[in-house]
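> Structure incoming, see below.
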Amino acid sequence: MFELLGTTLPSRLLLGTAQYPSPAILADAVKASGTSVVTVSLRREMAGGRAGEKFWSLIRSLGVRILPNTAGCHSVKEAVTTAKMARDVFGTSWIKLEVIGSHDTLQPDVFGLVEGARILCEDGFSVFPYTTDDLVVAERLLEAGCRVLMPWCAPIGSALGPVNMTALRSMRGHFPDVPLIVDAGLGRPSHAATVMELGFDAVLLNTAVARAADPVGMARAFGKAVDAGREAFSSGLLEPREVAVPSTPIFGRAVFS
């Protein structure tokens, strides 16, 4: 179980709902992953018309919590407007805030992100900010009212996995009591297990599952990897050593002369 902003969640895996081959495969992947939170783009809902209505009905039928996002927004005004519309459409104050600064890398505009987070937090939103692994930016987001942070481990959709382990370790150590959810850049179940072993509270991913040859199987694999990584962290991992350490005791050995 995972306590997140006063809500008990059975799974530490959050799953995106875009790019799946079909609605049926999306539904099966969500079920196979064990997730209890899915992200949904308001832009998709508004642009989809009748298809968007069917998609929304499908998501509701899965019985999972909705985390709307402001994907595709490149300005504070656009992101704030989208967030407010999402609250009306989906009936939740949770919002994954994205303010994109670069078309090429999809790197967040951290200045706009902090400004947008402050506006939305003051308006009663629970903001999940998609951010970098920069500690100063993280501090500013917390000062703005955020109670959870969502640092990337690599650019969105890159599947590179954690490219800066030192930064991720520093973030976990610097914010021991803040829920930290790794968002973006995970490509393999082993990547998810790795960041969970660092002590991160959860992961959010989309492309690695949606564009896999078998999305349902990959969703199941990620669910198991997240659980394994968390259990490993909770059980106490051994620190790496530069020298060999015998696993067999040397006491009581026979001595031949």
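Here the Cβ of each residue, glycine as well, is placed from N, Cα and C on the backbone.
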> According to Swiss-Prot, A184, G185, N206, T207 bind 1-deoxy-D-xylulose 5-phosphate; which of G157, G229, G236 is also listed for that site?
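Swiss-Prot names G157 for this 1-deoxy-D-xylulose 5-phosphate site.
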> In sequence order, which residues at least six apart in the same chain have a CB under 8 Å from the CB of N206 (1-deoxy-D-xylulose 5-phosphate binding site)?
L15, G16, T17, A18, Q19, T39
> Excluding G157, A184, G185, N206, T207, which residues of the same chain place their Cβ within 8 Å of the centroid of the Cβ atoms of the recorded 1-deoxy-D-xylulose 5-phosphate site?
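Here the nearby residues are G16, A154, P155, I156, S158, A159, L186, G187, L205, A208.
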> Specify the count of other C-beta atoms within 10 Å of the C-beta of K96 (active site, schiff-base intermediate with DXP).
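By my count, 25.
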